[in-house]
Structures are given as C-alpha cells and as structure tokens.
Amino acid sequence: MTKKYEFDWIIPVPPELTTGCVFDRWFENEKETKENDFERDALFKVDEYGFFLYWKSEGRDGDVIELCQVSDIRAGGTPKDPKILDKVTKKNGTNIPELDKRSLTICSNTDYINITYHHVICPDAATAKSWQKNLRLITHNNRATNVCPRVNLMKHWMRLSYCVEKSGKIPVKTLAKTFASGKTEKLVYTCIKDAGLPDDKNATMTKEQFTFDKFYALYHKVCPRNDIEELFTSITKGKQDFISLEQFIQFMNDKQRDPRMNEILYPLYEEKRCTEIINDYELDEEKKKNVQMSLDGFKRYLMSDENAPVFLDRLDFYMEMDQPLAHYYINSSHNTYLSGRQIGGKSSVEMYRQTLLAGCRCVELDCWNGKGEDEEPIVTHGHAYCTEILFKDCIQAIADCAFVSSEYPVILSFENHCNRAQQYKLAKYCDDFFGDLLLKEPLPDHPLDPGLPLPPPCKLKRKILIKNKRMKPEVEKVELELWLKGELKTDDDPEEDASAGKPPEAAAAPAPAPEAAAAAEGAAEGGGGAEAEAAAANYSGSTTNVHPWLSSMVNYAQPIKFQGFDKAIEKNIAHNMSSFAESAGMNYLKQSSIDFVNYNKRQMSRIYPKGTRADSSNYMPQVFWNAGCQMVSLNFQSSDLPMQLNQGKFEYNGGCGYLLKPDFMRRADKDFDPFADAPVDGVIAAQCSVKVIAGQFLSDKKVGTYVEVDMFGLPSDTVKKEFRTRLVANNGLNPVYNEDPFVFRKVVLPDLAVLRFGVYEESGKILGQRILPLDGLQAGYRHVSLRTEANFPMSLPMLFVNIELKIYVPDGFEDFMAMLSDPRGFAGAAKQQNEQMKALGIEEQSGGAARDAGKAKEEEKKEPPLVFEPVTLESLRQEKGFQKVGKKQIKELDTLRKKHAKERTSVQKTQNAAIDKLIKGKSKDDIRNDANIKNSINDQTKQWTDMIARHRKEEWDMLRQHVQDSQDAMKALMLTVQAAQIKQLEDRHARDIKDLNAKQAKMSADTAKEVQNDKTLKTKNEKDRRLREKRQNNVKRFMEEKKQIGVKQGRAMEKLKLAHSKQIEEFSTDVQKLMDMYKIEEEAYKTQGKTEFYA
C-alpha cells in the first residue's frame, strides 16, 4: 500500500507567546509618521500555528509581522532619533543600559537588502531574554514556508482577522481588497453579502462573525474553481456528482503517480489508501460512508499537503552528510559585505547576518589595512569607491548568526590585503569572537596529508573554517614559535610584501577600468595570467606575507594558484583549493570539462563573478554546478534569475546550505562530461510535460498576466524563454490559461535539472516565481505556490498545473517500451487492433503476405552474398599463367631429350664402328675367345651406362627444377587469385558502407523535412532541439549498424583469409608429396645398380 506521508509543519509555539505580553513599540523610519513612531502598551501575541507576531494597543489599528519573513530577533536596540528616544525614556526611564537589556529588535524582510527593524521594550530583561529565545525557536521554519494552498488561505484569513481597526473589528474593505484584482467591486460585495457578512464598504465585522468557513466559501464564490470542476467531470464522465472509489483509484494511479517509480518501493494506490484519502477530505458523511468523493472533497484534496508539487520529505535532511566536503554543493556568497553595486556601492555588516540567516555557508571578507589612530582592519571593495566597515563588526555579526539557520560549517573566504601587524588583529578577532567555533587545528582522523580526502560536513558541525593563504609548514612552525616568544618582527618588508596595501583614498586615484578590476580580482583570487599581471600595478592582489598565527588557523581550505589539472592530480592534496572568475572557469570547462569534474571530486573550487559585473548582476550558477564546482558564489543583494535558482536549489535538504552531488559526480571510477547529449551511464533520461491550467491571486491589480515555464540543467536539458502561455487580460485574480502542454522531451540528467515557473505582468514585470527540482517533482494535478523574486514565500499566489513525468523513449521505440512496461496490456491492444482490422475486412494473413512481399522486395535490392570457389591445384592448372609455364617446361624437356637421343645415336654409331672393325674377318669362336673384343665391349658398356645415368640425372634435375618452378608459379598464382578475392570482398564491403551512408544522408534529409512540417513544434528552438535529438538517434542507430556491418565484414574477411591459409597449406603438402615421389623414384633407381648397354 502507498504510505501516507505526515507533513508536520507546525513547531509548537511556547505558551508564553500565545498568551502574549504588553510591550512598548518604537519604529525608526523616515516614512513613518510621528504619531506611529512610538506605540505604548501594545499586547503582543503569536498565533497557535506560529504564522504571525501580532499586536494591538488601545486606540490604534492592529498589525502583524509574518514570522516566515523574520530573519532575526536581536537583543538590545535604542533609538538614534533624539525625539523618539525622548518618548521612550519618558515612559521607560533614562537608564539606557538597563533599557537596552529590556529591548528586542525584530528584523523582517522580503529580500536581503531592505530590512525592516521593529523595536519592542519588554517589562524586564528576563522577559526580553525569554521572548528572544522562544521567537527564535519558531522562525526559520522551512516547512511552514511550503504549506498547501488551503493552509495559505487560512493564513490569509488569520492576517485579516489580526489587522483590525481601532475598535478591534475587521474592516470589510480589507476583505474585499483580497478579490479586487479580478472582479468588479459590485460582484465582490454581492458575494460577501451572500456569505452572510456585512456588505457595506465602511462596515466592520467581529472575529466571531468572520469565520474561516465563511472565508473559504467566499473564496469559492468569488473565484469558482471551474478548472477543478472540469477535471472532476472528466473523471466522473458527467454521470454523477461524486467520484467513486474505483474512479479515484484509477485517477490516482494514472494521473497522480510517477510511472517511473518502482512499484515495490512506491506501491500503486489501492482501495485502503484511497479510502483513507476520501475520509480525510470528504466532509459529507453520507458520501464518506459510501466511499465517494464530492466536488468539495476533491477540491480540498487537490489543495492539501497530500497533493504537494514536490516530495515534502526533501525539505528535511534526506541526504547523507558523511561524504568529503568536496562532494557537496555549498551555498556561497561573493563580496558579501556589499548591499549594492560593486563600484561605489555601500558596505554593510547587516549583509553578513542576512546571508548567513538565509542559509549561506561561505561568505567573503576583503580585508584591508585600517586608517586613523586605531588602525582597525576594514572590509571594503578595494579601489572601487565603496564604503568601509570594520572587520571586527563583521566577525561579531558572523559569530551571532553563523549557526542560527544551519549547524553545518561556515567557510570565511578571506581576500587578505593587510600587513602583518593588522593580520595579527584579524587572527585575534577571529579567536576572541569565535572561540571554540573556530576550527584552528585539523581533526585527528583527517590530517592534512596528500591523498587523504576532506572531512565530511557532519564532523564539522558548528565549526568555522578560514580560507586564507597559508605559509609553508616548516616556515610557519619556526615563525609561530618566534611569535609566541615575542621575537617575531611584524614590520612588513616592502620587497617581500609588495601586495599588501591600504584601500585607496577616494580622491587618490581614479577607479580602474572594469577589465582591469576583473583581471586584478583574478590575481587576487589566485587566477593569475597576463591580464592579471598587467593590472597588478594598479590593483594589488592578496598578500603572500602571512602572519603565522593567522596562517595556523587555516586548514581544510588552503587557496593556491591553479597550475593545471595534471599538476593537481600529481599533488593529490584535497585541502588545496583554487578560485576562478566565471570567465576563467568557463574556459576551463569548455577545454577540459571531464578533468574539471574529476578535479571537483577530490578538492574544492570557488567560482566568483567577473569584475565587469559592476551592477552586481550574477552569472548562471547551473553551468558550474554541472561541473561539480562546490562554491558557486553569487551576489546575494541581486534578486535575479541566478539567485532564484540558487535559493530554490538550496531550499531543500533542511536548508542547511549543503547538497550532496549526484553519485556519478563523486565516484572516481566514473567519467562525466557536462556537455554530453547522450544519457549518462546508470541514469535514466526523463520526459517532462507541464500544462499550465490556471492561476490564483497572481496580482493585487487588474492586469494581464502570462506564465513562462523554463528548465535549467545540462546544456542539452536547458530550455528557456520558449514556453509561454497566452496573455489573459485584466485578471490578476484567477486567470485561466488552459494551454497545450509544454513538453521537455528529453532530460538527460534529471538529478541536476530544475523546473522554473515565472509569472509576469503584460509589461514584463515579474509577479512571482518558483523553482522546483526535477528529481523531487510529483506528477499529476498540483498547485504550485509562488515566491517573490528573492525567493520569499507569497501566501496566496499560486498556479494550478498538470505535470506528467515519463521515461524518455527515442522515436521508434514506443511500442517496444510499451511492451516492456505492460506486456499484458500491449498484447491486449495488439489483439484488439487485429480484431478491428478483421472487422474492416483486413485479414492478418494478407497483412503478413504484404509484409513478406515487402521484405522480399527489399531482399531483391540487396546484392547476393559473395561465394568464392576454393583455390586448388586443379583450378590453378587451368590458369593461363600456369599453362604457359607448363608449355615452356615441356619444350625444355623435349629439347633435353632430343639432345640425349642425338648423343646416344652418335655413341651408338661410334661403338658399332669399333666393334665391326674388331670382328671383321673372324669366326664366332674367335670373336668369343678374343680378349680385345671382350675388353672393348666392357669399355663400351661402361661408357653407355655412364651416359644413360648422366642423361637420367640431367632429366631428373630438370624435372625437379620444373616441379620447383611449377610450385613457385602456382604459389604466385594462388596469392594473386586470393588477393583478387580479398579485393572483391573489400569492394563489396566498401559498397555496403557507401549504401549505408547514402541511406543515412537520405534519412537525415527526410528527418529535417519531417521536423520542419511538424505542426506540434511551435518554436524554432523546439524544432532545432527535436531535429538534433532525431539526428542524434539516427546517428546512434547508423553507428550501431555500421558497427554490426564492420563486425560482419570482419568475420567474412577473417573466414576468407583462414580459407586461403588452409589452401596454401594444402598446396604445400601436395607439392611436397610430388617432390617426395620424384625423390623416391630417383633413390630406387640408384639402389638398383643396373648395367645398361646397347645391343
């Protein structure tokens, strides 16, 4: 069964606050009238939910402070204006120190610059201390800023109830103002009357009259939720006035559930769970009894915490906090002290408080030598005409606020331009104000050794780390000992410390050009480079001559000049870190993106805005989050889109300022390219569809509104300024857009992607926005509550949207995916399709025959497979080349034999003549007994035998040579034939690849034409993205085909070459057999010992 998530957003409010206490209140503001600057004896209370601090005094209107906008409650506070101080002291006495102990300052704001200070004077110091403690307990309630629309309606009703006039009653006109931006005044007051409330403009009503049920009914009367009614009708199909249990189960599983989720870990909705939901939100007892949901119950469900747009458990600590520091994104600020522009801007201690209270965990201090007799170190933007603040005041503010909103470590990024004497003061103030909060030594189990990772955030809770240049350990040790003995000279050697300097006098020198300032800032941050060197004459970098005490306080954040990724790998020192201006960081990212990601797995990097951003604008942080950069520091004073992305992202994981990077950006065995379009190994790409249906309470004016939906993530996932609804004119209350869904077809990396809703007036002015992480997004019909530009919650403004989430499926694989996801359903659909085809007279066989015919036609186009005849001795003997050699050999043998025959004839004649001469005139008996004749015959026999043997040898030698020549000729012919076969196969393979490339080119052209003619793609960017996606899929498919062809061709070639090798082997064996035969015959002839003669 699907588990119910209990979203407990209420922090119990201490009874002391709900009971209330009488305080005096004073307010120091030029806009405030003199009558309002001091209020006596006001009863202050906090409501039971911890939404508001509200008060009312005799003869004055009631007022409220929304506690989600309260950033701090501070002890003390006395008026600077003498007139207000006079009023305060007349009522509370002239003992200012005692008065200060009884006072509290409540800071509220809707951005980080414009702070409103509410000062109250308590009856005594104990009450002040108790209220400060208790109020701090219920502020910074991250859950309360994410309550559902129905609770927000209740919250607004409570605000109206507390904003009473002098008589203690609620003005009807303030209620009417809630709905004035979309309806006529007459209609609003008519609806108020129908709700049973006074309808006169000047009328008032008691709290007892103005119940929440009446306000909720009035809301639905003035703003009828036709959008929800249409959805209700689509579920019931208009047949009844309720949703049955079966229909509700189907709706929850089909529409309200992410189909990508594992059904074991996240089971489907079933009868028991859906019955629980109906019982929770249905008020009609009869329908509840019948397990049915009415339209009213359906509205309550859709506007409840049960139906939040994101998984609400992500607001709590849900990430592991025991990984090395380098494995986390860290909420970071740039030039924290500035409340305005970078040049000529105002420096403010308050900015340190506000950024830390907002969850920032890395703040920057640009430290310079102080002026005047006390020479107190100051913080300012050097050479930029900015005002100055004292370093010790900044440190005090940091000590006060570092761990109010988060217990996880704070990193102080020092840009140190002070001489050694003043650096001693820097170290002393840090030691004095921070005490045990300052991490002065590395943790015992995390020493500063090469190859060891950084400690995890969980081991650095409530610790402050200093990022400042550090001396070499051996030098630091010696100098620290000398300093402790009082023997260290703190006078700076100008030659050794040319970089230390004083902040410029306003009239001393003109401000540097933005480019020079940027280059110099790069040098100060450790960026270096030619531009930095050129600017160094006018803009000094951080000092390298560090005081040993300050140096000894630096441990896990030791800045060094970046020397390249290879050098960083070689050193392998995790506690070394480098800072990069956004432009330098972008260059490294473009040139060595994978190396940059791997660098950030091991050690930390800090990115800061380039110096040309004089207006304190921000760069897009997403680019550097994609590379795994930890400290992507931004100008918190600018409530622009980059800051919205930053604060929207860091709202999750308890708002602690630390977010664990995705797994593949932490693992050493994984490489990740942030510019890749292809899916990441082990990560399933997603498809997201967003339909903007309607808005509620978008503006308090009758203006036209429209909504933009953007996505930010990897470059391939980022889609901005493309999806925009139509403009709904003159309705800021409840515009209905009902647009076609905006489809983000392929989200390669959902873990890094965020969805942004932006609501704008027709003039382009932003009315509200919301950042939602894609990995925590819930599918279905949801209400998205909006935030201000500075990401502060807005109670009533919201959008009603339908979000669909799917696994991304490339074109052509939809059926395959459907079959894998639901085999039975797919089989049933196929069967139904076949039955429908039969009903149309189309038999399955005919379709099969058509497919077979098409397949046969396709095969006809294909060339028949190559079949090579085996190369044998017989086939080679038929070759002309071999026959030519054979004829030549026959001729040579014939010539030799003729020569031998001629010699035999000549010898024969000679021997015959000699015998005839010897036997002439003799009888047979004489001849038989004549020794001379016998000797002559023996000599002739030997001569003839030797000649015949020689002839035979010469013939055998020629035959053997002929066999060798034939072997060589055959081998050459065989290699030629084999080479021809290989060439024929290579040509065939080349033709196959050429045909494949031609097919790819044709498909690419067809795809371009198809995308161009696709009417569903509205914008050029959408068409370009779709075309790129299709072409990538085509290329991937063709590369796979090419790979398969290559494998197939490789096998064919290997098979042919193996056959050739076998043929050569068989040929050599046959030739050797022939040679052996000749040799045996020759040896046999030699062993016979024949004596030959001619008779």
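Cβ atoms are placed via backbone N, Cα and C, with glycine included.
For the substrate site, Swiss-Prot records Lys467, Lys469, Arg606, and the single candidate of Ser579, Ser583, Ser592 listed with them is Ser579. Per Swiss-Prot, the listed range annotated as region 'Disordered' is 487-529 (candidates: 57-99, 487-529, 874-916, 917-959).
With respect to their backbone Cα atoms, His334 (active site) and Lys469 (substrate binding site) stand 18 Å from each other. Counting residue by residue with DSSP, the compositional bias 'Basic and acidic residues' (1007-1030) contains 17 helix, 0 strand, 7 coil. In sequence order, Ile411, Leu412, Ser413, Phe414, Val554, Ala557, Gln558, Pro559, Met577 constitute the residues six or more apart from Lys467 (substrate binding site) in its chain with CB-CB distances below 8 Å. When the alpha carbons of His381 (active site) and Arg606 (substrate binding site) are compared, the span between them is 18 angstrom. Within 10 Å of its Cβ, the residue among the recorded positions His334, His381, Lys469, Arg606 with the fewest other Cβ atoms is Lys469. Mean pLDDT across the domain 'PI-PLC X-box' (319-469) comes to 96 in this model. In the three-state DSSP assignment, the secondary structure recorded for His381 (active site) is coil.
The DSSP breakdown of the domain 'C2' (666-794), given as helix, strand and coil counts, is 3 helix, 60 strand, 66 coil. DSSP assigns Lys467 (substrate binding site) to a strand. If you draw a 10 Å sphere around the CB of Ser579 (substrate binding site), it holds 27 other CB atoms from the protein chains shown.
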